[in-house]
Amino acid sequence: MKEGIHPEYKETTITCVCGNVITTRSTKQDIKVEICSQCHPFITGKQKIIDTAGRVERFNQKYAGVNNKKA
């Protein structure tokens, strides 16, 4: 392998909005996530509303002018 072309692989902390902190190694410095293994709805069995309004609004704006005609 060539030297000097690979990104630096360093210790990283992954922080979830629930407060869980995971230490691992990555090429990124610090990573912030919305859902982790401690608060994921499938694992905890609790219902959690995930905000996807931004994506839905962008989709609706993008396809607002498209007619719903079937050929």
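First residue shown is number 1, and so on along the chain.
Cβ coordinates come from backbone N, Cα and C, glycine included.
So that you can see what the record holds, here are the features copied from Swiss-Prot:
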- C16, C18, C36, C39: Zn(2+) binding site (BINDING)
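Features per Swiss-Prot, on structure.
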residue: C16; record: Zn(2+) binding site; CB count, 10 Å: 18
residue: C18; record: Zn(2+) binding site; CB count, 10 Å: 14
residue: C36; record: Zn(2+) binding site; CB count, 10 Å: 17
residue: C39; record: Zn(2+) binding site; CB count, 10 Å: 17
Notebook entry, point to check: When you average the Cβ positions of C16, C18, C36, C39 for the Zn(2+) site, which other residues in that chain have a Cβ within 8 Å of that mean position?
Noted result: V17, G19, N20, V33, E34, I35, S37, Q38, H40
